[in-house]
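S.K.: Dropping the structure in here first, questions after.
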Amino acid sequence: MPWSKFTKVALGLGAAIAAVRSTMFTVDGGQRAVMFHRFEGILEEPVGEGTHRKIPWVQKPYIFDIRTKPYKINTDSGTKDLQMVNLTLRVMFRPDVVKAVVAQFNADELLTERPQVSALIRETLIKRAKEFNIVLDDVSITGLSYGKEFSLAVERKQVAQQEAERSKFVVAKADQERRAAVIRAEGESEAARVISKATAGAGMGLIKLRRVEAAREVAITLSNSPNVVYLPSGGNMLFAMNGPSKVVA
């Protein structure tokens, strides 16, 4: 029984510590935090160094490194007495401008509006560099990558969009085929109706006319092909009015 009480006390103490830790976060030296509020969006005022409180689930801090970073550049140059010298320059910079601009766009916009993001970064950096008599020729984003989970989500979204477009194409094709079948059936029905009406009006005269036209075609074929023999199935050797016939080469 004492051991059970000790376990309960330990679990309760651990839960209390976890609850307290979930309401606090720490910003180290050389860092700043941007607070995202689930209902209000990104708060304008950045959070400085130290330990701060947050509302679990409602607030989430994003911590950025603002320390000055070195960047080395190797270049060749000529001296006054025409001697070539190789120089290694160290440029100290802070990525404040890049982070400030990127924070204005969401992840999808960075992909679709990359030229606009580059232009905004370039404009801001050129304006800032002029204060120190530095001329920047160009600034552009040459690489952009996300975390594995977001990349997989983007890939799944693209696959879903492709499947949706494919489904639309299949549905449209089926609809066109259905319409074509309806039009073809309507045409055949209309043709049958016209033939039936003509036959009813002309009687056997129309049928005899068709037979005469068929016999004329056979005669033309025989005249153009002396090696072809016409073999009627019935007793009429000229027009084969009373039965089927065939042409044998």
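Quick reminder: no glycine exception, Cβ is built from N, Cα and C everywhere.
Model, not experiment: these values are computed from the prediction.
Annotated topological domain 'Mitochondrial matrix' per Swiss-Prot: 1-8, in sequence order, evidence recorded as sequence analysis. The annotation topological domain 'Mitochondrial intermembrane' is assigned in Swiss-Prot to 26-249 on the grounds of sequence analysis. Marked as transmembrane segment by Swiss-Prot: 9-25.
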S.K.: Please give the sequence-distant neighbours of the transmembrane segment (9-25): residues at least 6 beyond its ends with Cβ less than 8 Å from one of its Cβ atoms.
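M.R.: Beyond its ends, the transmembrane segment (9-25) has Cβ neighbours at 33, 51-56, 61.
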S.K.: What is the average pLDDT across the topological domain 'Mitochondrial matrix' (1-8)?
M.R.: 64
